[in-house]
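See structure below.
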Amino acid sequence: MALSRSAVLRVLVAVAVVAPLVVVVVVADSPPLQHIGGAALRAAPAVDGFPCKPAASVVSDDFFSDAIVSAPSTSNPFGVNSTRATVSAFPGLNTLGLSITRTDLAPGGLNPPHSHPRASELVLVLSGEVMVGFTTATNRLFSKVVREKELFVVPRGLQHFQLNVGAGNASFAAMFDSQSPGLVTPTFALFATQPAMPMEVLAKTFLMGEDEVDVIKSKFAGF
C-alpha cells in the first residue's frame, strides 16, 4: 500500500532528526559498559583496551595518578618531552575514553608534526607561549600562539605541532577523547622504520637523490 504524502513527510523528518545523532555517537570512544573498570594491566590487551579487574579488587588508587606531576627532561635535539597518563599508566581510565599528556618544551623546543589516529586533542597551555598548529586534508594550515590558561583544539587524526615561541621554558597539557589516542610521527614513520623504508620510495616522495635521503636518515638513526 502506497504511503500518503503526510506519512512520507513524517519519515523524512524522522530521518533528518536521527541522522545527525548517528554522526555524534561515533566521534569518541564507545560509552563505558560498566561504572568502574580499572584496567587489569597484566592481562593481555583486548581489541578495545584492557580487560577490567573484578569489581571487588578495584581500589581508590586505580582512579588516581601523579604521572604528569614532574617535568621530564628536554635534553634532546627537539627540546621536548612528554609524560603520558594513558590507560597503561592510569588504570582508572580503562573504558572511559579519555586521557591526558603533559608536554614540556625548552626555549625553541618543538613537538614535531604528528597525529593521533584515535583522538582529538585539546591543548591547555600551563606556562609560556606555544604556537600550536594543524593542517587539514586540503593542506590548509591553522595556527595560533597560545598563552597560559588559553586553549587550542586539534581535530582527530590531523597532523599538528607545538613550538615554544617564548623566551623561557613552556609546558602544556593535552587532553584526548580516547584512553589510548595513538601517535604517528611522519619523520620517524618514514626515516626510522624497521625494516627501513625502501630508498626508491623516499627518493621519489621527496624528489631528492639517494645521497640526500641517506643524510636525512642518519639524523634519525638514534630514535
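Yeah, the Cβs are placed from backbone N, Cα and C, and that goes for glycine too.
Caution: TrEMBL annotation is automatic and unverified by curators.
According to TrEMBL, the features are:
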TRANSMEM  7-28  transmembrane segment
DOMAIN    66-214  domain 'Cupin type-1'
BINDING   Asn111, His116, Glu121  oxalate binding site
BINDING   His114, His116, Glu121, His160  Mn(2+) binding site
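Sequence-distant neighbours of His116 (oxalate binding site) (same chain, six or more apart, CB under 8 Å from its CB) are Arg156, Gly157, Phe176, Ser178, Pro181, Gly182, Leu183, Val184, listed in sequence order. In the predicted model, residues of the domain 'Cupin type-1' (66-214) average a pLDDT of 95. There are 23 other Cβ atoms within 10 Å of the Cβ belonging to His160 (Mn(2+) binding site).
Spacing of Glu121 (oxalate binding site) relative to His160 (Mn(2+) binding site) is 10 Å (Cα to Cα, whole number). Of all the Cβ atoms in the protein chains shown, 17 others lie within 10 Å of the Cβ of His114 (Mn(2+) binding site).
The local packing around Asn111 (oxalate binding site), expressed as other Cβ atoms within 10 Å of its Cβ over all shown chains, amounts to 23. Broken down with DSSP, the domain 'Cupin type-1' (66-214) shows 22 helix, 57 strand, 70 coil.
Distance from the CA of His160 (Mn(2+) binding site) to the CA of Asn111 (oxalate binding site) is 9 Å.
Sitting within 8 Å of the Cβ centre of His114, His116, Glu121, His160, and not among those site residues for Mn(2+), are the Cβ atoms of Ser115, Ala119, Phe134, Val154, Leu158, Gln159, Ala174, Pro181, Leu183. Other residues of the same chain near the oxalate site, with their Cβ within 8 Å of the Cβ centroid of Asn111, His116, Glu121, are Thr101, His114, Ser115, Val123, Val154, His160, Gln162, Ala174, Phe176, Pro181, Leu183.
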